[in-house]
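Over in TrEMBL, the protein carries these features:
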| type | residues | note |
| --- | --- | --- |
| COMPBIAS | B:1-10 | compositional bias 'Gly residues' |
| DOMAIN | B:95-130 | domain 'EF-hand' |
| DOMAIN | B:162-197 | domain 'EF-hand' |
| REGION | B:1-34 | region 'Disordered' |
| REGION | B:55-94 | region 'Disordered' |
Amino acid sequence: MFDRENKGGVNFNEFTGVWKYITDWQNVFRTYDRDNSGMIDKNELKQALTGFGYRLSDQFYDTLIRKFDRQGRGQVAFDDFIQCCVVLQRLTDVFRRYDTDQDGWIQVSYEQYLCMVFSIV
Amino acid sequence: MGDPGGGEGCPHGEPPAVLPPHSQQCSASGPAARSVSSRHAVPFYGADLWAEQPRSPLPIPIPTTPLGSEHHPDPNSRHHPLPGAIPHPSGAPQGVDPEAFSWFQAVDADRSGYISVKELKQALLNSNWSAFNDETCLLMINMFDRSRSGRMDVYGFSALLRFIQQWKNLFQQYDRDQSGSISFSELQQAFSQMGYNLSPQFSQLLLSRYAQRSSNPSIQLDRFIHICMQLQSLTEAFREKDTGMVGNVRLGYEDFLTMVMTRML
């Protein structure tokens, strides 16, 4: 994300961007980790994302936890939380670009769909 | 899973009204995609990899069951590598290639019986001797780690090596000038031979994303594997939605999110 030149690493200037980014997210995480467990459970995740403005189904939160819960505890650790939010944000951004009438639906060809996903992973 | 994207009414989920933090971050653009939407007169988005005879060996199928799980070594066997135990010095466990076994032992520096992403990185090399990138190593661990612990045992490792070797053979086939990496034209050829019908703009997009910046960008083995696996996986997901095989789908927001997230390697 911060490696603007695809070097496979960040230089000092790019690193300061990383640092700020992480501390910002840490603050967000702390806000929603209500029980201070260091982990975010499904309900806390729901609150966090709803707070950001997402309106997602309960089923989808199950999907998120399954996907980002790398420790297999049914909860999401800080770094996984960041990843979850970043991925969600990027997917949403790209979806929005194709959803020209903003009705929550897109009509895409196979290649458009591939381009959408490959542009963010 | 529910509505294949053609239903009426409100879609599941809504994109946020207020953008989350850091929304001003730049994301890669996708303008190239729009121009190719009407490229194909006949809606045809890729050869029928499964319906007709492939012109070249099929891309290696992504394992659907955790590899290594079919091996259930006899716990009484002296070859059984119990978790935490030092693997038996005199021979590979049953079903494990001896070369893979000795390689595993060399990589498993702390003799835990498992290798981590970090250790795996040391084992996998591109042709220019650079280590496989983290993303691909993580992908490999996830695919071949049956315990979901983020690490791999000797069976998974052995299966992984076979898997990579198959990809390596394909890679070498497509690397026509034997440069050790795959250029734009070679990538186009590779896709075509694998049965994909993709535009040059798409190959260009991949190169800009995955190749190191240089006057002649090209793709190393690790990223080539990653790309091909993603392509396979995403194509499967698309096909599930495009039941009419028209090469076009209508997707709701949450549909899209789920499709990509559950398939993202």
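Glycine is no exception: its Cβ is also placed from the backbone N, Cα and C atoms.
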Confidence summary (mean pLDDT) of the domain 'EF-hand' (B:95-130): 83
Residue distribution over DSSP helix, strand and coil in the domain 'EF-hand' (B:95-130): 17 helix, 2 strand, 17 coil
